[in-house]
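Undergrad: According to TrEMBL:
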- 1-53: domain 'HTH lysR-type' (DOMAIN)
- 203-219: compositional bias 'Basic and acidic residues' (COMPBIAS)
- 203-252: region 'Disordered' (REGION)
- 220-231: compositional bias 'Basic residues' (COMPBIAS)
- 241-252: compositional bias 'Basic and acidic residues' (COMPBIAS)
Amino acid sequence: MSLLREAVDRGSLSAAGRALRMPVPTLSRKISDLEARIGTRLLVRTTRSLALTDAGIAYLAAARRILHDVETAEREAAGEYAEPKGQLVMTAPIQFGRLHVLPTVADFLTAFPEISVRLLLNDRNVHLVEDEVDMAVRIGPLADSSMVATKVGTMRVVAAASPSFLDRYGAPATPDDLRDRPVVAVEGPMVETSWRFAATARTADRHPAAAAPRGDHHRGGGRCGGSRHRDHPPPALSGERGGRDRPLKARP
């Protein structure tokens, strides 16, 4: 039935054969087999043109209804017409989740009102299988896993200092200068213990004078001294003074 419909819609066996990627003799033989099974001629045909017989007109009309019903049933079975519903459980780091994931989840819930989302904000790497979590937002290198992962963006890092810190200790010129200055670092399972500056590939190992809880590092940096903010890794450092915490920017 579908071959007959394709041939009639395309206007010729040649065009139908090209669309179906089927040799014309094969297509013609299959339609002939259909006619033999029914016991009547459906098409008057050549390779360049064709015309339906009266029986063919009636048969094709019925065939179109049947094929439409079958295709609709297959789409419904595959969920194409179904409204997505159910609960989605996902996890993300606390601060990143509040700033970036939560607004996206709100938009998602507006688009799919039959879905509920349980968002777990936690700075530890939740075990997806054991904790029955559907998806996770991770920052940093991933452990080897058979699970599917998709990169959605890049996080960058800056070193920043408060104006009072720069007044007291001066602006560091190189990563090595950070060894002699108190710093505030962030503690957590996804945080590196070393500060690496990309332009020189140098690593400044620092033991922080104070440790800010994950998600609170901006406030800690402003009060206690230098801190490391996610934005961009500067190659060399020079201080800027102002009324707020300032990134230590690269010198020309």
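Note: Cβ is positioned from N, Cα and C throughout, glycine not excepted.
Keep in mind that what you see is a predicted model, and the values were worked out from it rather than measured.
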Undergrad: Between 0 and 100, where does the mean pLDDT of the domain 'HTH lysR-type' (1-53) sit?
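TA: A mean pLDDT of 89 is what the predicted model shows over the domain 'HTH lysR-type' (1-53).
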Undergrad: How does the domain 'HTH lysR-type' (1-53) divide up by DSSP, counting helix, then strand, then coil residues?
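TA: Counting residues per DSSP class in the domain 'HTH lysR-type' (1-53), I get 32 helix, 6 strand, 15 coil.
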